[in-house]
Amino acid sequence: MVAKQESEQLMPAAEQDISDELELKAKKYLRGDGANLEVLRDKKLKGQLTVREKLYGQSAKAAAKAEKWLLPSEEGYLEAEGLEKTWHIKQESIIREVDVISSRKPFDMILPELGPYTLEYTSSGRYMLVGGRKGHLAMIDMISMDLIKEFQVRETVRDVVFLQNEQFFAVAQKKYPYIYNRDGTEIHCLKEHGAPLKLQFLNKHFLLVSVNKFGHLHYQDVSTGEMIANYRTGLGRTAVMKANPFNAVIGLGHSGGKVTMWKPTSSKPLVTMLCHHGPVTAIAFHGGGHLMATAGMDRKIKLWDIRKFEVLHAYSGHAQSLDFSQKGLLAMANGSKVQIWRDSYGNQDYRPYMSHAMVKGYQVGKIAFRPYEDVLGIGHSMGVSSILIPGSGEPNFDTWVANPYETTKQRREKEVHALLDKLQPETIMLDPSKIGTVKPPRRKEKPTKKETESEMEAAIEAAKSITFKKKTKGRSKPSKQAKKKQDEVFKAKKPFLEQQMEERHAKKQRTTEAELPKSLQRFARQRA
């Protein structure tokens, strides 16, 4: 103890502060307080537990160092002073206070003749794809703000989605979904999908998912071109579709107020929930996978716990589009207004955090948070806009997961690894943690009457075929041997007869109890 104090005195003040900070961070990763090993008498067990506790401490210190040195950035939220409210702060005030690079991220792209617009970001947040209802498609590099490609398909565009990277993207056009490359060249026309309304891409499974105007759900593997599944939802036309990032289950919102969840290996929905008393207008899933937000024409916005399929909170309001950010902020758009709500206390009770009003007359169609940036993209009737939302994006990106600055070689390597690690459609389920676990044993089913009779006959035949040892004169008479065989046959039949008697007794007791009047049934004899 004295040596430790002396070493602390000799250590410089800066290093001492860093070590204290690492100790505080390490406590977060420890598995509770260490066990008291002095009371143990078994030396072998004591030694094993000492080594285990040492490993726990080392892993906690390593995690604290990684958080300190490899995750240097921390998210920052708007904080109000005094009676000021954060949702009263305007974008102009935020832009004046942020750095120069961040001040360039918000913009307004006015394209009044080709809207309304929808938009999509890549998983790294570097590229944005915009699609106008009247056939305008464009891809933009959001770091350099360069226009990569812009072209006109001369057809209605309902939705756009990136595939495994920015090299390919799918567009839901008037009759069929089309796949284009980065240069705007048409690669495929997927006629089996019909006239699509919404598109989603499951990047871990390389599956392109579409729902058409007849309510048919299609899954197609873009790596092999195989049509994995084609299901009829049976709930009519729907233009509300979202993929759960946690388990890749597709959620559909229907006009009857129902939300259904689908996987490609089941022709029936995994879950059917009655969420609203009117058509569902929007749906969004939290990145953790256990929280779902829905909005309906009954002017209700509800938060659901998918693990228990129950409502956590219900709010009054209307939304045409919903989206969760990487840090859990919820954005909702209605008309020309956009609201962002935040879970301030960690109990999944969302409250207003920010608000933004577009120019009067602009109708917001789709909103999407940009990954790894505090930016919200807005597609509206007059073009595309972008606003700053402090605290919405993950501040530290993992280059093995999503690298905004990846080179061509890194992108190729990542695509090869993604194809090698591609998950099969069978792995999509509500609870993916069940994959790799042992299936629980089935409860033993009651044997049928024929099976019981055949078992009893086999036991009787085995008893009759027993040969007895010959004994001294007078003790092996035929009459005595016949009696012994009868005893063996009776022993073999006894368990089956007892089981039949128990079943008859239980059945008789059930019938007598059922026949009693309701007022006297409480006096019936209870079974042990």
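Glycine is treated like the rest: Cβ placed from N, Cα and C.
As recorded in TrEMBL:
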REPEAT    273-314  repeat 'WD'
DOMAIN    352-432  domain 'BING4 C-terminal'
REGION    432-528  region 'Disordered'
COMPBIAS  467-483  compositional bias 'Basic residues'
COMPBIAS  501-516  compositional bias 'Basic and acidic residues'
Other parts of the chain folded back onto the repeat 'WD' (273-314), taken as Cβ under 8 Å at six or more residues beyond its ends: 240-247, 251-260, 320-324, 326, 328, 330, 332, 348-350, 430
For the repeat 'WD' (273-314), the mean pLDDT of the predicted model: 94
Residue distribution over DSSP helix, strand and coil in the domain 'BING4 C-terminal' (352-432): 17 helix, 24 strand, 40 coil
